[in-house]
Amino acid sequence: MRPSAPAALGPLLLLGLLLLPGEATQKPTPCQGCRELVDKFNQGMVDTAKKNFGGGNTAWEEKSLSKYEFSEVRLLEIVEGLCGSSDFECNRLVEEHEELLEAWWLRLKKEHPDLFEWFCVKTLKVCCSPGTYGPDCRACQGGAARPCSGNGRCSGDGSREGDGTCQCHPGYRGALCTDCVDGYFSALRNATHSVCTACNESCKTCSGPTNRDCAQCEVGWAEEDGACVDVDECAAETPPCGPQQYCENVGGSFNCEECDPTCVGCTGKGPGRCKECIPGYTKESGQCADVDECARPEKACARTGENCYNTPGSYVCVCPEGFEETEDACVPAQPAGGEVTEEDAVRPPTREDL
């Protein structure tokens, strides 16, 4: 039905040889490949439904559409759109089983409307029906209708692999995932259903949803008046954090956060929670602020003619451009090839000089 394309196989084979070892190991299982092909086929049927119709002549369209709906023309359109040029596995499956897909489309679709069940499970026998597993498609633990009591996943479910054991969802344990792990309590338990719900965060084990239903308190919580309450580690006699940190209590634990850079010790976040200020800063309106040494009545710079520039936490003393430092003063420099002008003498230093 579809012409073979031997010329295209060369590049595809080359691509397969060039795959890295790690990529080669990610080849889909036979069931995964078959399931993906069926999904694409089903999407192709959706994409081609009522294609090229909508001209307004309803009677003609219904008659023509009924012919197109089950035609080889539509099948060819679906098959041609199944695989990308670089999808080697998909192209291989189509090449090997195109006659089966054609037989299902033209003769068997009404009798077997589920393409996955007919093609992957019963014909190719690479998959199993949902709720079954392994070479013989045996029912999963707990039965095919509700594997693992609906609280877990059956190993190999829907494939010819696995051993049928239950891999329980969070909160559940046991062969059929009907029991609750620590930190969960049984909210519902009957012959057909088991529901486990998370305990209150303060409980390690519990019988209900509140902090008064704890059988045992979680670490960081303590029993008080019949309930598990948070322990304030930050209020301990010996502080749990370092000298340049402050303690922040959280449910069941605590965090040590760094003090503001302007602080020497602190009780909380920001320059307003400093115990003391680092040198170059002083308390103003309750928080550590930079001291402007250059604005003080007493001169910060000792040399005559030296300019003072304030910096965060400190200051710098710099001679004006065109002057050079001596032990006691800034004196005019004598640059090669010229004399110091009055403009050079008063020009402030550039930011790079600081």
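FYI, residue positions are counted from 1 along the chain as it appears here.
Note: Cβ is positioned from N, Cα and C throughout, glycine not excepted.
As annotated in TrEMBL, region 'Disordered' covers the listed stretch 333-354 rather than the other ranges in 267-288, 333-354. When you check TrEMBL, the disulphide partner of C177 from the set C168, C180 turns out to be C168. The disulfide-bonded residues in question are C168, C177, and the one with the fewest Cβ neighbours inside 10 Å is C168.
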